[in-house]
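Participant: Got a structure for you, written out below as structure tokens; questions coming shortly.
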């Protein structure tokens with residue numbers, strides 16, 4: 001039975017470590033599906049499964065636990081960054097400043113509540129321990145590490161602040177998710193209406209394509225060419241088909257418009273009214289029943305060399321005699337603007353003769369199998385650069401310890417940048433949704449299992465004996481009070497969408513489990529966008545403020 005003894009109890013055995021993680025993750029994910037009052041904790045339950053196993057002595061080497069924890073977190077935040085990168089900067093313009101101000105409010109209130117409790121207990125809880133509780137309450141491990149480095153600079157010899165962190169962390173996770181749920185019921189959030197509101201907000205009228213059939217009624221454009229009309233009108237649109245005297249053809253820049261001609265126009269919703277008034281009037285016409293010597297087809301961009309090229313630079317009309325009317329990216333239709341940058345994974349709607357469309361398909365790739373091959377190089381190049389950025393010390397005057405973004409903040413920032421600008425470096429950033437979700441889920445469960453196993457050994461003893469319960473209570477107040485206050489302000493004053501607010505709360509607390517819960521509630525990317533919009537600034541402030549408190553008050 002030596003093999004069983006080694007499998008169950010030998011912390012240096014690879015088989016034991018894999019066995020332990022497999023059990024903790026499987027049990028946690030399974031139990032996380034159980035709903036209490038209609039609410040389940042999802043993968044967050046992996047944390048508690050890890051604490052339980054750690055309490056009964058099932059553990060692994062500390063260095064291995066820390067490696068798996070950090071690697072899991074890196075995978076999670078990097079995949080989040082890749083997913084939201086294309087929309088990160090635009091979301092910042094459309095309300096990101098408001099979200100970041102609200103996140104700063106949460107950080108400031110967390111500190112205010114922590115210092116208030118420190119003075120309330122009048123020395124019973126030492127300041128370093130309260131900082132440890134603060135970081136557990138906001139589930140921020142890099143901040144805890146930075147605080148420990150500051151204490152080393154101050155030659156601190158007191159109790160390990162990680163105990164306060166361990167006591168506050170579990171209820172910190174529960175408190176953050178609980179606050180999200182509480183806000184939903186306090187403000188009677190209608191999830192269906194929030195989804196519809198989100199779709200309305202995300203439908204950017206400048207990019208969303210609008211299709212209509214128009215009849216030429218303006219005598220001033222009769223006899224003018226398509227290019228002349230475009231230049232005079234000053235609006236961007238695509239005329240993919242024209243019906244003249246009962247015959248349908250594909251127009252080019254030299255096609256002349258005549259009174260009574262019927263046109264199929266694709267433009268942005270923003271430009272549609274002006275184009276309609278200028279050309280004539282909108283009519284009902286079934287183009288499928290006309291003598292149409294052409295086909296319309298969605299073609300998939302799969303060739304890496306197309307990645308990063310603008311639609312106009314491809315010269316589809318002049319070289320192949322086809323028109324591109326719209327581009328579908330990640331389920332959203334975009335107007336075929338000549339300046340639109342094509343990316344691998346885009347679906348391009350092409351209208352033209354059968355043989356011409358086939359030639360365009362060959363140019364773009366249109367091979368679904370290519371998209372099934374993961375772009376491993378981009379992922380690991382991004383992680384490499386992210387760790388490099390996260391390890392870069394940022395010195396501030398008067399601060400003995402340089403600040404760092406850490407192993408979570410660095411990869412997230414780099415992933416966002418790669419997701420947005422990777423095409424300029426000829427990096428293919430497309431990843432199938434299933435592959436992205438798989439990597440994210442693996443990352444988050446490894447992170448949670450590691451934290452739980454590591455904290456489980458001393459957790460019960462710390463809670464039952466000494467001031468453990470006090471630490472738990474303080475941490476819970478630090479977690480909940482700021483979230484409820486800022487949540488109320490966000491909903492009542494700023495009218496923030498509930499799903500975006502979920503991401504804001506998770507990101508301001510740098511809490512991946514809360515984001516994982518939010519992603520289970522909705523199929524939209526709003527929580528992930530909200531999370532990544534506030535995460536970089538929140539992470540920076542979390543790391544900075546703990547060190548500043550200790551250096552200023554000790």
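Placed from the backbone N, Cα and C atoms, the Cβ positions cover glycine too.
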Participant: Pick from 351-368, 405-422, 423-440, 495-512: which range has transmembrane segment per Swiss-Prot?
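Facilitator: Swiss-Prot lists transmembrane segment for residues 405-422.
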Participant: With an 8 Å cut-off on Cβ pairs and a sequence gap of 6 or more, do the transmembrane segment (442-464) and the transmembrane segment (376-395) reach 3 or more such pairs?
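Facilitator: Touching, no - the transmembrane segment (442-464) and the transmembrane segment (376-395) miss the threshold of 3 or more Cβ pairs under 8 Å.
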Participant: Spell out yes or no: are there three or more C-beta pairs under 8 angstroms between the transmembrane segment (468-490) and the transmembrane segment (99-121), with each pair 6 or more apart in sequence?
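Facilitator: Checked: the transmembrane segment (468-490) vs the transmembrane segment (99-121), in contact.
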Participant: State the residues, same chain only, that lie 6 or more residues beyond the ends of the transmembrane segment (376-395) and have a CB under 8 A from a CB inside it; answer 'none' if no residue qualifies.
Facilitator: 74, 78, 82, 402-415, 418, 422, 427-429, 431, 439
Participant: With a Cβ cut-off under 8 Å, give me the same-chain residues at least six positions beyond the ends of the transmembrane segment (405-422) that come close to it.
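Facilitator: The answer is 70, 73-74, 77-86, 88-89, 141-142, 145-146, 378, 382-383, 385-392, 428-429, 510, 532, 535-536, 539-540, 543.
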